[in-house]
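A.B. asks: One structure, as structure tokens, below. Some questions next.
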Amino acid sequence: MLKVGIVGLGGRMGHALYECCLGLDGAKIVCGIDKNTDTLPSGCSAEVVDDPYKLSAAPDLFIDFSRPDCSLNVLKYAKEHGCKVVLGTTGFDYDQKDQIKEYSKHVPIVFAANFSVGVNVLLNLVKKTAQIMGDSDIEIVEAHHRYKVDSPSGTALAIGEAAAAGRNVNLKDVMVSGRDGITGERIYGSIGFSSVRGGDIVGNHTAMFCSEGERVELSHIATSRQTFARGAFRAALWLENKKPGLYDMNEVLGLKA
Ligand code: NAD
């Protein structure tokens, strides 16, 4: 039985992970990390602390859906205590992503901006379409609930990375986000991002490939956080016998060519 610690247990994803685990045979939640103990799932009897260094015992693996500063502290603890990590938090800057790479030399990590199977299928389709429709203008539109704190979403950025990989360019060099005012004409070869925030939208993403006279749109709509929770536990069980390294959902799902 895999002993799992949930980081961000009191949050929206923490609740989804808790519910998901109730129906699983191979994994058990033994502890949680959250700075807010008022919003923990009801019925949860696991040890919950606000910092991993206060835990009485280390779990085998952490599933982390929290905030970047919290996740980096968990990775440090995981390195020192031999834990594995499934990392779903988004909003890391480039320097923080480099730190995750460093930790992965010692810690087996599955890091994905989106743990749903459908989005990972979408990422593969986006890369292929960007290759085939080489001259099209690529625009990525995402919509999320009113509480989301980062923009564009981690998934939108992953879609941008997939499109950029299909074009053999670096996303950093071609990204245009949140146009406003007199922006001038669209820059040829750029990849644009737009974000919508409102209500309880779980997560919508569309990649648009716009050419003269036609347009291809590839969309994914998440209707429940259970899709992310199931994917995260699938990644956790997959990680059980893996060596240190930075893995993604393509590898977990066997989609990597
Ligand atoms: P949320 O705000 O509902 O939950 C985050 C939880 O983390 C909160 O309970 C908060 O108290 C806790 N927390 C924050 N900072 C902390 C700290 N320093 N120490 C201890 N606890 C801390 O957010 P959410 O909607 O559950 O999303 C969490 C993260 O997961 C976000 O980055 C979101 O974008 C990401 N996310 C990823 C996927 C995916 O598939 N990869 C899917 C959904 C959400």
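Each Cβ is built from the backbone N, Cα and C atoms, and glycine gets one as well.
So TrEMBL has the following annotated:
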- 3-115: domain 'Dihydrodipicolinate reductase N-terminal' (DOMAIN)
- Gly8, Leu9, Gly10, Gly11, Arg12, Met13, Gly88, Thr89, Thr90, Ala112, Ala113, Asn114, Phe115: NAD(+) binding site (BINDING)
- 118-253: domain 'Dihydrodipicolinate reductase C-terminal' (DOMAIN)
- His144: active site, proton donor/acceptor (ACT_SITE)
- His145, Gly154, Thr155: (S)-2,3,4,5-tetrahydrodipicolinate binding site (BINDING)
- Lys148: active site, proton donor (ACT_SITE)
A.B. asks: Considering Cα atoms only, can you say which of Arg12, Ala113, Phe115 is the nearest neighbour of Gly154 ((S)-2,3,4,5-tetrahydrodipicolinate binding site) among these binding-site residues?
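C.D. replies: The smallest Cα gap between Gly154 ((S)-2,3,4,5-tetrahydrodipicolinate binding site) and any of the binding-site residues is with Ala113.
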A.B. asks: Looking only at the domain 'Dihydrodipicolinate reductase C-terminal' (118-253), report the model's average pLDDT.
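C.D. replies: 96, rounded to a whole number.
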A.B. asks: Where the criterion is a Cβ under 6 Å from an atom of ligand 1, which of the recorded positions Gly8, Gly10, Gly88, Phe115, His144 meet it?
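C.D. replies: Cβ < 6 Å from ligand 1, in sequence order: Gly8, Gly10, Gly88, Phe115.
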A.B. asks: Rounded to the nearest angstrom, how far is the Cα of Gly10 (NAD(+) binding site) from the Cα of His145 ((S)-2,3,4,5-tetrahydrodipicolinate binding site)?
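C.D. replies: One finds 17 Å between the Cα atoms of these residues.
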A.B. asks: Starting from the Cβ centroid of His145, Gly154, Thr155, which together make up the recorded (S)-2,3,4,5-tetrahydrodipicolinate site, report each further residue of the same chain whose Cβ lies within 8 Å of that point, ordered by sequence.
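C.D. replies: These residues sit around the (S)-2,3,4,5-tetrahydrodipicolinate site: Thr90, Ala113, Asn114, Glu142, His144, Lys148, Asp150, Ser153, Ala156, Gly203.
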A.B. asks: Compare the Cα of Ala113 (NAD(+) binding site) against each of the recorded positions His144, Lys148, Thr155 and report the nearest.
C.D. replies: Thr155
A.B. asks: If you count the other Cβ atoms within 10 Å of each Cβ, which of the recorded positions Arg12, His144, His145, Lys148 comes out on top?
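C.D. replies: Per the Cβ count within 10 Å, the most buried is His144.
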A.B. asks: When you measure from the Cβ of Thr155 ((S)-2,3,4,5-tetrahydrodipicolinate binding site), which residues in the chain that are at least 6 apart have a Cβ under 8 Å away?
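C.D. replies: Looking at Cβ-Cβ distances below 8 Å from Thr155 ((S)-2,3,4,5-tetrahydrodipicolinate binding site), excluding near sequence neighbours, one finds Thr90, Ala113, Asn114, Val119, Glu142, Gly203, His205.
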A.B. asks: For Gly154 ((S)-2,3,4,5-tetrahydrodipicolinate binding site), which DSSP three-state class applies?
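C.D. replies: The residue in question, Gly154 ((S)-2,3,4,5-tetrahydrodipicolinate binding site), is helix (DSSP, three-state).
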A.B. asks: Let me make sure I understand the span of the NAD(+) site: among Gly8, Leu9, Gly10, Gly11, Arg12, Met13, Gly88, Thr89, Thr90, Ala112, Ala113, Asn114, Phe115, what is the greatest distance between any two Cα atoms, in Å?
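C.D. replies: Across Gly8, Leu9, Gly10, Gly11, Arg12, Met13, Gly88, Thr89, Thr90, Ala112, Ala113, Asn114, Phe115, the two farthest Cα atoms sit 21 Å apart.
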A.B. asks: Can you tell me how the residues of the domain 'Dihydrodipicolinate reductase C-terminal' (118-253) break down into helix, strand and coil by DSSP?
C.D. replies: 53 helix, 39 strand, 44 coil
